[in-house]
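J.: Attaching a single structure in structure tokens format; questions to follow.
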Amino acid sequence: MASDSGGPGVLSASERDRQYCELCGKMENLLRCGRCRSSFYCCKEHQRQDWKKHKLVCQGGEAPRAQPAPAQPRVAPPPGGAPGAARAGGAARRGDSAAASRVPGPEDAAQARSGPGPAEPGSEDPPLSRSPGPERASLCPAGGGPGEALSPGGGLRPNGQTKPLPALKLALEYIVPCMNKHGICVVDDFLGRETGQQIGDEVRALHDTGKFTDGQLVSQKSDSSKDIRGDQITWIEGKEPGCETIGLLMSSMDDLIRHCSGKLGNYRINGRTKAMVACYPGNGTGYVRHVDNPNGDGRCVTCIYYLNKDWDAKVSGGILRIFPEGKAQFADIEPKFDRLLFFWSDRRNPHEVQPAYATRYAITVWYFDADERARAKVKYLTGEKGVRVELKPNSVSKDV
């Protein structure tokens, strides 16, 4: 791999973005395939599990990636003016989710690579070598100069309006242009304080009655899962006793997505997962950088609703940091109460949850692209094996 300058062993930011475990999407402490040197895995076990598929495309030398990056809009730098004021169609007010960036410097260039050569053809044990440290560098490594800030934030009440926008207007005039331009969209004050409080009460009741279990990985054959993700989760359909307001939240999300139908990239969204209700217990756990859908399992949009009143990230941490592909910038999203977040689920948006030092609740739903979902043969990334819930076209839309 080489940078645009052509120097040997120098990685561009976009090349670093494409380094993730081919099986689970993890982006830290990766091992490189010793044969093609263009695929990565978080452990030997995950490479073995993926070898049957990978060996069909694994070739010696610097083979290019099998699939190019999707030709979708990326997160763009903010327009001229005040730093951090990224707007979608001029409709949204600035969010309070500040983003920071650093520009990688020459010191981040990778050294000449070393490691085992290509494996003998037909080898049953796939070759693997440790990915050099500099190639695992963050998009925003220490030592670089400060860059432009990026704020994907926005509000449910753009331009200082005091009345919430109807769902159709919010979807078409804010969410669609914001997603297609930036790939990230934040809506504040989504359902209102009273409804948000009711959802929080239902989630805490689930937690208090022992409904949560440790977040699962694709493979549980090692003891390192808690080092990767420290949350506890439960899956909710929305019809369970005591989860009526969570069901209302899911219906409200569905309404927004339905209004966006056919306008979010090239996707044809026709279903979603159940809701994953997650809790970080506040003991300093987080979730390392990863990609929700690195292997085309059908998920195209990640939608997260936060439930944390009076959250102060300076004290409690818990920020969701998104590293948009190909950008020397990252977007920091604070998990604030009644905040709704959308972003593309594929490798355009690697992200991490930074350590949380107070109890942190969130509800996540993933929406499916019909065509990609139909092509997906292995359904293992969602934890519920891609449970599909139909979006009923005759659902009565609600203003939110």
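Each Cβ is built from the backbone N, Cα and C atoms, and glycine gets one as well.
According to Swiss-Prot, the record shows the following:
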type	residues	note
MOD_RES	ALA2	N-acetylalanine
REGION	6-20	region 'Required for nuclear export'
MOD_RES	SER12	phosphoserine
BINDING	CYS21, CYS24, CYS42, HIS46	Zn(2+) 1 binding site
BINDING	CYS33, CYS36, HIS54, CYS58	Zn(2+) 2 binding site
REGION	62-161	region 'Disordered'
COMPBIAS	62-74	compositional bias 'Low complexity'
MOD_RES	SER114	phosphoserine
MOD_RES	CYS178	S-nitrosocysteine
MOD_RES	CYS185	S-nitrosocysteine
REGION	218-228	region 'Beta(2)beta(3) 'finger-like' loop'
DOMAIN	271-369	domain 'Fe2OG dioxygenase'
MOD_RES	CYS279	S-nitrosocysteine
BINDING	HIS290, ASP292, HIS351	Fe cation binding site
MOD_RES	CYS300	S-nitrosocysteine
MOD_RES	CYS303	S-nitrosocysteine
BINDING	ARG360	2-oxoglutarate binding site
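Please go over these features one by one and say how buried each is and what sits next to it.
T.: Taken together, the residues in the region 'Required for nuclear export' (6-20) have a mean pLDDT of 45 on the 0 to 100 scale.
Note on CYS42 (Zn(2+) 1 binding site): other Cβ atoms within 10 Å of its Cβ, all shown chains, come to 27.
CYS178 (S-nitrosocysteine) falls within a helix when secondary structure is assigned with DSSP.
Following the DSSP three-state reduction, the secondary structure of CYS185 (S-nitrosocysteine) is strand. For CYS185 (S-nitrosocysteine), the count of additional Cβ atoms within 10 Å of its Cβ stands at 26 [all protein chains shown].
CYS279 (S-nitrosocysteine) falls within a strand when secondary structure is assigned with DSSP.
Under a cutoff of 8 A between CB atoms, and with a sequence separation of 6+ in the same chain, the neighbours of CYS300 (S-nitrosocysteine) are LEU264, GLY265, TYR267, ILE269, ASN293, TRP344, SER345, ASP346, TYR367, PHE368, ASP369, GLU372.
Following the DSSP three-state reduction, the secondary structure of CYS303 (S-nitrosocysteine) is strand. Within the same chain, residues at least six positions away from CYS303 (S-nitrosocysteine) with a Cβ under 8 Å of its Cβ are MET253, ILE257, LEU340, LEU341, PHE342, THR364, VAL365, TRP366, TYR367.
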J.: How long is the line from the C-alpha of CYS178 (S-nitrosocysteine) to the C-alpha of CYS21 (Zn(2+) 1 binding site), rounded to the nearest angstrom?
T.: 29
J.: Quick one: of the recorded positions HIS54, CYS58, CYS185, which has its CA closest to the CA of ASP292 (Fe cation binding site)?
T.: CYS185
J.: Can you give me the Cα-Cα distance between CYS21 (Zn(2+) 1 binding site) and HIS290 (Fe cation binding site) in Å, rounded to a whole number?
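T.: Counting only the Cα atoms, the answer is 9 Å.
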J.: May I ask which of the recorded positions CYS24, CYS42, CYS185 is closest to CYS33 (Zn(2+) 2 binding site) if we compare their C-alpha atoms?
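T.: Looking at Cα distances from CYS33 (Zn(2+) 2 binding site), the smallest one goes to CYS42.
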J.: Between C-alpha atoms, which of these binding-site residues comes nearest to CYS42 (Zn(2+) 1 binding site): HIS54, CYS58, HIS290?
T.: HIS290
